[in-house]
Amino acid sequence: MASNIVAESDDEQKSSMYEYRDREDSSESLSDTGGDLSDSESDSDEEQGASAVKQEPCRYYNSGKCKYGKKCKYLHVCKYHFKGKCKKGSNCPRRHSAASQSDSSSDEDDRGGRRTATPTETHDKPYKWQLNSGESWRDIANDHVLEAQYSLPGARGIKIYNTIYGAIDIDFNKMRIRKKKIRVQRKSFDDCGQETEWLWYCHGNNGWIEYGQKDSKGSATSLKSCDIEKEYQKKPKNFPKFTAGQTQYEINFKEMQQINLASGHKRRVVRRPKFTALQVKTGKTNLTSSSQQQHVSPGSTKPVWQFEGDSGKWYEFKHRFATDTESSVSSKEIEAKYQANPAGSMTFKAGRYKYMLNFSDMIQTNLASNKIRRIQRTMV
């Protein structure tokens, strides 16, 4: 499913490979996976006779007591890995391979007994976006662009034009494909050296704001994203309470709402991953966090490239014709180069000087004086 990523502007939507969708007024429903990935199976042991293996994990194997062993018609795989959420990785006592019930496996292994952990498939980033039309899950090429959009709290979806299923429209809120019988999922992995960091946002009067960050009045919530995520992982049915100024609130995980305990006023809450861009250096895969690669503004949808001035202020790359700082490239042109190779570089001229932009280190270098400035990719 290889695809070329083309940077998008407002007047190029129809020719772009990706079409970004910003915010939506309906409530958010944040789920890692789309479709019907159920752990459940028949309550009757008699229904587990030998037949074709069904594409869902065996709950008896996962509890360590499946009596059918190799003859079980359900998959003998870790139910958490099946959903892309196994925290134990290669140390998990359950299989992480869909090729279960093999002749080479031991009977103890097939019945759910603990096994010696062996490394399975490894991944170069902590996430993978996939599509399924009813046969098998297929990876989406260049899914770092999709992940970057999904990481924005105000983004409600994205349209991809050149998949093997043609143009598809992904709804982030319901994690589904609009108007097509195709499932979509975002799988998480922890075997690449970095786990997904989840951030929590609330929709305030001035847009989305991350928990723990100061609002326009200078006040911050007593809980940070990491605190809320711990509560969410511990018990999704909990209602964690916190304060902001003198006001007390609670979060309803099921409804994804923040509730003012004094007035009863409700606000929308979303849970989104912190964007992690992929780098490739000297044949090795490295990960760079969003703080280096991309500055994300809540409710943002359009990438803009900026450089840091002497005063510390950030300025957008623009064509400045007939000036001492006339630039040969614009932010849009830089984005196109970045999408073609996020770990690459490019040169340009500003006035009489020649510069190089290094996307991996996010710096601009004057090739005559070797003076370095920081650059950033921000979403506005």
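Cβ atoms here come from the backbone N, Cα and C positions, even for glycine.
Feature annotations, reproduced from TrEMBL:
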REGION    1-54  region 'Disordered'
COMPBIAS  28-37  compositional bias 'Low complexity'
ZN_FING   52-79  zinc finger
DOMAIN    52-79  domain 'C3H1-type'
REGION    88-128  region 'Disordered'
COMPBIAS  88-97  compositional bias 'Basic residues'
DOMAIN    184-272  domain 'WWE'
DOMAIN    291-377  domain 'WWE'
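Across the domain 'C3H1-type' (52-79), DSSP classifies residues as 8 helix, 6 strand, 14 coil. Per-residue confidence over the domain 'WWE' (184-272) averages 90 (mean pLDDT, predicted model). The helix, strand and coil residue counts that DSSP assigns across the domain 'WWE' (184-272) are 10 helix, 38 strand, 41 coil.
Secondary structure by DSSP for the domain 'WWE' (291-377): 13 helix, 34 strand, 40 coil.
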